[in-house]
Amino acid sequence: MVFRKPPDGGWGWVIVLVSFFTQFLCYGSPLAVGVLYLEWLDAFGEGKGKTAWVGSLANGIGLLASPVCSICVSSFGARPVAIFSGFMVAGGLMMSSFAPNIYFLYVSYGIVVGLGCGLLYTATVTITCQYFDKRRGLALGLISTGSSVGLFIYAALQRELIELYGLDGCLLIVGALSLNILACGSLMRPLESSGSPPPEKPCVDKVADQYFVYHEKEKTVEENISILEKGYIDEKCVNNMPDCKQDSILNKNVLSSINVNEKDTYKKKVVEQTNFCKQLAKRKWQLYLTYWKETMVLFKNKVFSALFVAILLFDIGGFPPSLLMEDVARSANIIEDDYYMPLISIIGIMTTVGKLILGILADFKWVNTLYLYVTTLLMTGVALFAIPFAKSYLTLAMLSGILGFLTGNWSIFPYVTTKTVGIEKLTHAYGILMFFAGLGNSLGPPIVGWFYDWTQEYNTAFYFSGFCVLLGGFLLLLAALPCWNACTNQSSKLPPNTYSYKVASSA
């Protein structure tokens, strides 16, 4: 199929709408898993570190499996993947309501729901990029707020459902709501022109197809000969048993003499096909070598190496508050009657605001996006250090709002990656960075939970989280400073289409 030019509107706005609701429905529960985390602690009586694995897997497994998700969407299309993933998310949530222990939740909620969310995220981003070109940034910004709005609403919704129907009933109802993803996925009409002729295949693909067709034809001939031969022999054996063996030998000789030329031709083609497969395997191997060489070139860029460390440390330290803030309030003896709004809901709504405001700031020419991103990291580290000193709902709510706003720096992360490695290497670099972001998401909450299990208080855990985020921010700042670039001659060694950050430069 031949894809048409992105219309930047029309049905594309329907795609934006359904993608927004898709992310809202699939990420609402995993991002607001802090409400369920408290219930699982009471239900299974496991340690905080072990229980935190459920939420961290649900949020990290999709990023870890991002290469697999991309392959699935490229192979099958956004619509089939979205519908299939809707069943995964709904089924995983419903199965979690019957979990007999925490290990069952690792699979049902952590892996099944997490992988479904990863597939849905890739599908929504891919189909949106196909429909938008000039307004792609606006469209992606709109659909990305779906997860933040989902966090805001699902935090209060799941708490209310737990009070009315219990934990099991809450998961069943939330799973049923997720079935609406099927309706959203069915509207993800692929952007393609059915009337256009298919594109000309490359020569290599043509040769492969020719060999495949020939092989199938030859195989059919051989099968027909075998069938006729078998039928003739069986009939003779039934009618005349003594002559069965002699007729069989005679029949084989006749058939072999008739088809000797065809078999010689077939063997010749098999040899040619074998040589072609060897050349194709050699070519694929060269592609893999090229991929790893390009990866090594990326890591020679000091800004990219620091960015990879920063995103890993940021997710190890910055993600746990969204999962554990409710338990932090309970550990500080703050009763639920003092709550004006769930702390996780505050994080969700402020993340939406942060994505929009930081995204708008990144569009100004006088704003350096890398320094803006570093600023959000340093401020996040300071806010994490302040959590142990918060002893009231008001102070925790303020810190939750600040952390939520700063977590909106995800909206400017693609800008930073593009300016660091260039547009041509964006996909390659972004995939690597998202893998380590998923690793940080998966490890962060369990590490903080283990700290609590060892010390029986959250102070040390959040000091560790703040240190991780500050370390990543300072390393990235050091790598981006103009004096560092001047000392290492980094600007002369950067790969093509990359940018050297300077104080006076604009993003």
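Every residue, even glycine, has its Cβ placed from backbone N, Cα and C.
These come from TrEMBL:
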| type | residues | note |
| --- | --- | --- |
| TRANSMEM | 12-40 | transmembrane segment |
| DOMAIN | 15-484 | domain 'Major facilitator superfamily (MFS) profile' |
| TRANSMEM | 52-73 | transmembrane segment |
| TRANSMEM | 80-98 | transmembrane segment |
| TRANSMEM | 104-125 | transmembrane segment |
| TRANSMEM | 137-156 | transmembrane segment |
| TRANSMEM | 162-183 | transmembrane segment |
| TRANSMEM | 303-319 | transmembrane segment |
| TRANSMEM | 339-358 | transmembrane segment |
| TRANSMEM | 370-390 | transmembrane segment |
| TRANSMEM | 396-417 | transmembrane segment |
| TRANSMEM | 429-452 | transmembrane segment |
| TRANSMEM | 464-484 | transmembrane segment |
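Segment contact is absent for the transmembrane segment (303-319) and the transmembrane segment (137-156), given fewer than three CB pairs below 8 angstroms at sequence separation of 6 or more.
When Cβ-Cβ distances below 8 Å are used as the criterion, the transmembrane segment (396-417) is approached by residues 141, 144, 148, 307, 311, 318, 321-322, 325, 328-329, 332, 334, 340-341, 343-344, 346-359, 361-362, 369-370, 372-373, 376-377, 379-380, 383-384, 386-387, 390, 426, 429-430, 433, 507 of the same chain, each at least six residues removed from its ends. Counting Cβ pairs under 8 Å that are 6 or more residues apart, the transmembrane segment (464-484) and the transmembrane segment (52-73) reach fewer than 3 and are not in contact. Remote same-chain residues near the transmembrane segment (162-183) are listed as 21-22, 25-26, 28-29, 35-36, 39-40, 43, 82-83, 85-87, 89-94, 96-98, 120, 154 (criterion: CB distance under 8 Å, separation of at least six residues from the stretch ends).
Cβ atoms under 8 Å from those of the transmembrane segment (137-156) belong to residues 12, 16, 19-29, 31-32, 34-35, 124-125, 128-129, 131, 174, 322, 341-342, 344-345, 347-349, 351-352, 355-356, 359, 363, 408, 410-411 of the same chain, restricted to positions at least 6 beyond its ends. Residues 22, 25-26, 29, 72-73, 104-105, 108-109, 112-113, 115-117, 119-120, 122-124, 167-172, 174-176, 178-179, 181-182, 184-186, 188 of the same chain sit 6 or more residues outside the transmembrane segment (80-98) yet have a Cβ under 8 Å from a Cβ within it.
Among the stretches 12-40, 339-358, 370-390, the one making the largest number of Cβ pairs under 8 Å with the transmembrane segment (104-125) is 12-40. Long-range Cβ contacts of the transmembrane segment (339-358) within its own chain (Cβ-Cβ under 8 Å, at least 6 residues beyond either end) map to 31-32, 34-35, 141, 144-145, 148-153, 155-156, 159, 321-322, 325-326, 329, 372, 376, 393, 396-397, 400-412.
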